[in-house]
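Annotated features in TrEMBL:
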- 201-330: domain 'GGDEF' (DOMAIN)
- 326-351: region 'Disordered' (REGION)
- 15-37: transmembrane segment (TRANSMEM)
- 44-66: transmembrane segment (TRANSMEM)
- 72-93: transmembrane segment (TRANSMEM)
- 114-130: transmembrane segment (TRANSMEM)
- 136-159: transmembrane segment (TRANSMEM)
Ligand SMILES: Nc1nc2c(ncn2[C@@H]2O[C@H](COP(=O)(O)OP(=O)(O)OP(=O)(O)O)[C@@H](O)[C@H]2O)c(=O)[nH]1
């Protein structure tokens, strides 16, 4: 994946990251002229505050892209913007009020809701305390309009976040089983490959396919076939570690990503999966089995080659009679795993 498409997919997948980035860019462009104007008028404190805020926001955008800590950075930005805005009102009087609306809306885009609400409350109190209003009606008009902006921002951001979560789930989760889908795999697998290669840690990838699923559908009907897929996912997730990832590639084919796992560990884990499927019937007169192909991440691998090897091993398992785990290359295989012969053998680790 190219750098620009990686950046784009991060922006698309993380709403708060995109808001922090947009806010940072707009604040930089919007405030820079005022630093110059205030400096030219010798309003050194106001110019310094604006410049300081620009630096903090620019630094925080760089930090959030490096670390992904969007909640921390968004929270710091909201606090800084609210404080600077309140202090500017104390220094500039009426001119400081105009920035209040921007700060109120930005707080909800940057920080968790409770913190945004707290920042808004502190900012509005400071504005009423420090601001210069001609009379009580002017102060009441300011407060009402500011509260309306706050309310609109809170509702709008809340709705956007909910829709974003729903869209993300629709785009990345298989609606039948709830497992992450092929699209999610295409995002997570390249990241996992890069992560493990950089740290020279072993990683295993398995392709798992239900055996004779067509027969199950033909004999028991599609509805039961669907339930078998749901049950299969529950069984697999029940025996694997929390950090292992299961994806539905399509139909009755799944991919398992086993981070920080040696060949021996992968073999043991996938035998557990195979046995968990075989052990209990999935319904009256309905036994299912799986064929599994495993490949270990090698130094020269990219994710398509790793996936292709695991797929090749899965087809080998099918060719050899199904209901078994095969490793790729076959030299990693210690004995045929079919049926009851399930003791994992020590296997050589690979890159
Ligand atoms: N119920 C149900 N069936 C599905 C779904 N997706 C794919 N299938 C069915 O899965 C079956 C797959 O058949 P095949 O590709 O021949 O594979 P198989 O019968 O499992 O045979 P082997 O893989 O060689 O063991 C087809 O009948 C598809 O219609 C689904 O979401 N629900």
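Every residue, even glycine, has its Cβ placed from backbone N, Cα and C.
TrEMBL: automatically predicted annotations, no manual curation.
Long-range Cβ contacts of the transmembrane segment (15-37) within its own chain (Cβ-Cβ under 8 Å, at least 6 residues beyond either end) map to 47, 50-51, 53-54, 57-58, 60-61, 64-65, 68, 70-71, 73-74, 77, 81, 106, 109-110, 160-161, 164. Residues of the same chain lying 6 or more positions beyond the ends of the transmembrane segment (44-66) and with a Cβ under 8 Å from any Cβ of it are 10, 17, 20-21, 23-25, 27-28, 31-32, 34-35, 38, 73-74, 76-77, 80-81, 84, 87-88, 91-92. Remote same-chain residues near the transmembrane segment (136-159) are listed as 97, 100-101, 104-105, 107-109, 113, 116-117, 120, 124, 127-128 (criterion: CB distance under 8 Å, separation of at least six residues from the stretch ends). Counting residues per DSSP class in helix, strand and coil order gives 61 helix, 32 strand, 37 coil for the domain 'GGDEF' (201-330). Non-local neighbours of the transmembrane segment (72-93) in the same chain are 16, 19-20, 23-24, 27, 43, 45-46, 49-50, 52-53, 56-57, 60-61, 63-64, 99-100, 102-103, 106-107, 109-112, 115-116, 119-120, 122-123, 126-127, 130-132; each lies 6+ residues outside the stretch with a CB under 8 Å from one of its CB atoms.
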